[in-house]
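Q: Here it is: the structure, laid out below.
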Amino acid sequence: MSMKQLKLILAILLYYIPPVLNAPLPSDDSDYSLSATGNRRLFWSIPWSCLVTIVACTWLSVHPDVPGRKISNGHWGAMFLERAKLMGIAVLAPELIVAWAAGQLFIAWKVYCLDKPDISIRSHMKQKICHLWEQIRHVCEKIHHCCCYLWKGKDQGTDQGACQNIALDVHRDTDELKLTMTHGFFLSMGGFCEERTGKILVQEDLEGNDDLIRDLVQTNESIQDKSKANAFSKTVSMLQIAWFITQCIARVNQHLPVTLLEVTALAFAVSSIIASLLWLYKPFNVRYHIEVKTGRSPFDPGRWGRKIDGGIPQFATMTDDSEDAEDLRMAAVVAAGLLFGAIHCAAWSSSFPSYAEKMLWRFSSVAVVVALVVYGFMPWIYLLTTLTPEGRSAISKTRLLLVDSIKGGIQKFTEVMFRPLVIAYIAARIILIVLAFMQLRSLLPLSLDTVQWTTYIPHI
């Protein structure tokens, strides 16, 4: 983003925020009841809980790629700066984190399928479901035999051995080890490098290279060891996110106000959960590469990645450039962004310190949704105006005449509107964050009431 665009965003914020600060406070005849009941929570517990959740979503839950050797072996400040950059992107545009995770999931799946010919997503899922069903059926049979033994006794011919170990038998493939999704994610995050040249491997290096695939398969334990050290912090962050979401749901269920800052933190929490599910098999916070032998000459003209010293740029970590991968990333950006904006729109009728702040919140929430909808349709609109002869023949004459008549206007619209949409989106995101903190100066008394958890405990 250029300096001119940053100045424009700051000008928009300076234009809107001061009038809002000087706006009158709402009158006493609010729709909410101002009577406080039950236990109370401290005022500072609200921003503290929200900030801890946001940090957990944007710092602890983000799975960074393997940094370059200069960063890993350098001063701790270099590593901190890289994580701070990721946190800034996660705060301003969390849907980009989701798109990043979706792109890496796509490349991980392609790597997973390299040594499994004729596999498809449908057949793979069917195989997993059938295997899970067989395991459940096997356990049920063991439980049945055990119950029969305990109820009827030994004389009924029931095998006593069935009761000695009621456990889920893990299916172990007798064939050789295969590439896993973890291998695919580790490759997508720039984790493998060539032993002699120090260059990072990409998916193309594995295609048709059975020896290299066998070497990568043997690194599964090494990958797990490198990722195991930070499993505790990841678990703590997920527990904090789950607890925060539970509290928000309980407050809505008990008709207690949810502050705008809590709504903002909830949106980050939902985006973080989606990214974490996409990154389910991705190693967490790995700092060092794994060296493998490729069996190739150092002067092999094949496609290679970057040098291990410099590492690879974030959001460009071995992601696939095919049309399918690009469509997946685009869909992830739009879907995650719409969900993020919809959560903010859910606070449409919340209590605001002033009417101006309420309208500014509504305008910014809608702006986030509209910007992403237009952004999602732009590639399709542009595609219609740049059709190949084969593509034009597949469209009806009526639609083709319509496309040709507005072709110039559509192309001009997509080119002119892209940057303003990005600027408007970033400005709206900043305004929403600022308004969430500004509401804290005038909270309803009910906002300080705590959830009565005893109502969810069964009792007589």
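Using the three backbone atoms N, Cα and C, a Cβ is placed for every residue, glycine included.
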Q: Do you know which of 42-62, 84-104 TrEMBL annotates as transmembrane segment?
A: 42-62
Q: Short question: most Cβ pairs under 8 Å with the transmembrane segment (417-438), which of 42-62, 260-281, 328-348?
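A: Result: 260-281.
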Q: Who are the chain neighbours of the transmembrane segment (42-62) in space, where the CB to CB distance is under 8 Å and they lie at least 6 residues beyond its ends?
A: 83, 86-87, 90-91, 94, 97, 233-234, 236-238, 240-241, 244, 247, 259, 261-262, 264-265, 268-269, 271-272, 275-276, 437, 440, 443, 447-448
Q: Please give the sequence-distant neighbours of the transmembrane segment (328-348): residues at least 6 beyond its ends with Cβ less than 8 Å from one of its Cβ atoms.
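A: The answer is 94-96, 98-103, 106, 258, 260, 263-264, 266-267, 270-271, 274, 319, 361-362, 364-366, 368-369, 372-373, 375-376, 379, 432.
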